[in-house]
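According to TrEMBL, the features are:
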type: TRANSMEM; residues: 36-60; note: transmembrane segment
type: TRANSMEM; residues: 80-98; note: transmembrane segment
type: TRANSMEM; residues: 139-158; note: transmembrane segment
type: TRANSMEM; residues: 165-185; note: transmembrane segment
type: TRANSMEM; residues: 197-216; note: transmembrane segment
type: TRANSMEM; residues: 228-249; note: transmembrane segment
type: TRANSMEM; residues: 261-280; note: transmembrane segment
type: TRANSMEM; residues: 292-312; note: transmembrane segment
type: TRANSMEM; residues: 318-338; note: transmembrane segment
type: REGION; residues: 377-403; note: region 'Disordered'
type: COMPBIAS; residues: 390-403; note: compositional bias 'Basic and acidic residues'
Amino acid sequence: MAEKDPEGIIATDPSNNDDRKCLIIRKLLKFNPKEVFTWQLVKTVAMGQGLAALICGTAVTSQYLASDYHVDAPMLQSFMSYTLLCLTYTTALLFRTGDENMFPILKKRWWKYLLLGLVDVEANYTVVKAYQYTTLTSIQLLDCFVIPVLMILSCWFLKTCYRPVHYVSVCVCLLGVGAMVGADLLAGRDLGSTSDILLGDGLVLLSASLYAVSNVCQEYTVKHLSRVEFLGMVGLFGTLISGIQLGVLEHNNMANIQWDWRIGLLFAGYALCMYTLYSCMPIVVKKTSATAVNLSLLTADLLSLFCGLFLFQYTFSGLYMVSLVIILVGFVAFNTVATIPDPADPIAPSVGWEEGGYDNPDDIIEEVVVAVLEEEEGEHTGVSWNQRTQNKEVPAEGRSTKM
């Protein structure tokens, strides 16, 4: 028999179907849109779409280079981007003092950043190479493989705890990608090659897996160490690796380029878009997560298509708008509910207590316990535990992971 709770409301028995329905209705009646659609959520969506716009810029410039000027030098494009990162962020590390200087960092973690740079360079190279063997449709579909791989790696290494709404949101976003692919097929945009589809699809899956590894490393680094360290080390090793690969694989392609100011401008536009993307992405990753960022980037292909309607005379389909809305709905739903840390390992997903502004490690554990309890009560909807702990002030003389 149901009893009254202290507020005089009839308590429900979760094992009873009728009581369960009453509980759901009560929660729906207590739903407050202002608790979900917060200013933080609006900023998250805006920043994610800003990153998608930058990827759109790289796609448009690459399309012009390939279609109008017949330039086939993807590694040269990557080399220019990594060089810009090296000139700015690696140089910034040189002028830092103490453990934040480049040489102590290299002494401690050089081989880790070497592997990270290799993973990042090859992730960019393999997906471009895949266009020579398979179709655009296959690449768009298989490139989404990065999201499940990223979620698995985040659960494993970052101790991220996803809720059912997150998995549903990811499925909604992938449904939007399916609508986009369907629109491409109806519009006759199944571009690319079919010379070796199996090899091309394998390259796409390999690229997605490498991107997932790179993004997880990025999230860990910017939340535990610093954004400048990540970008400086990726710029340094990315420049070295892409430079070697450029000399080995693309020296003939570079010699065949008929340089003029238009080609130079397109190369510069691509490099600046990619440089800005690399510079801004860690900021968004730190405020959200690598998974959330990759969901927002699903709209990049759609933005490129909308640009192509005016620049390359693509055929418009109403499914493109449907796809955009579906992806954005899934992305918003993913970010409205927080991913909380694993209670068995509370410190791992966030910044370390020494870098988070806590005087005592017990303070951060207490913060975790309070946060988890509040999440269970439905408070702080749409704000993750990482976001709340990162709002703590960091002493000016210490290393800060706040952007």
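Just so it is clear, glycine is given a Cβ too, placed from its N, Cα and C backbone atoms.
Non-local neighbours of the transmembrane segment (228-249) in the same chain are 75-76, 78-79, 81-90, 92-93, 96, 100, 102, 105, 109, 113-114, 116-118, 120-121, 125, 218, 221-222, 278-279, 282; each lies 6+ residues outside the stretch with a CB under 8 Å from one of its CB atoms. Of the Cβ pairs linking the transmembrane segment (36-60) with the transmembrane segment (318-338) and spaced 6 or more residues apart, 3 or more are under 8 Å, so the two regions touch. Against the transmembrane segment (292-312), the recorded stretches 80-98, 139-158, 165-185, 197-216 differ in Cβ pairs under 8 Å, and the greatest number is found for 165-185.
Long-range Cβ contacts of the transmembrane segment (261-280) within its own chain (Cβ-Cβ under 8 Å, at least 6 residues beyond either end) map to 47, 50-51, 54-55, 57-58, 61-62, 64-65, 69, 71, 76-78, 80-81, 84-85, 231, 234. Between the transmembrane segment (139-158) and the stretches 80-98, 165-185, 197-216, 318-338, the greatest number of Cβ pairs separated by less than 8 Å involves 197-216. Counting only same-chain residues 6+ beyond the ends of the transmembrane segment (165-185), those with a CB under 8 A from a CB of the stretch are 136-137, 140-141, 144, 147-148, 151, 291, 295, 298, 301-302, 305, 317-320, 322-327, 329-331, 333-334, 336-337, 339. Long-range neighbours of the transmembrane segment (80-98) within the same chain, counting only residues 6 or more positions beyond its ends whose Cβ lies under 8 Å from a Cβ of the stretch, are 104-105, 121, 228-229, 231-236, 238-239, 242, 267, 270-272, 274-275, 278-279.
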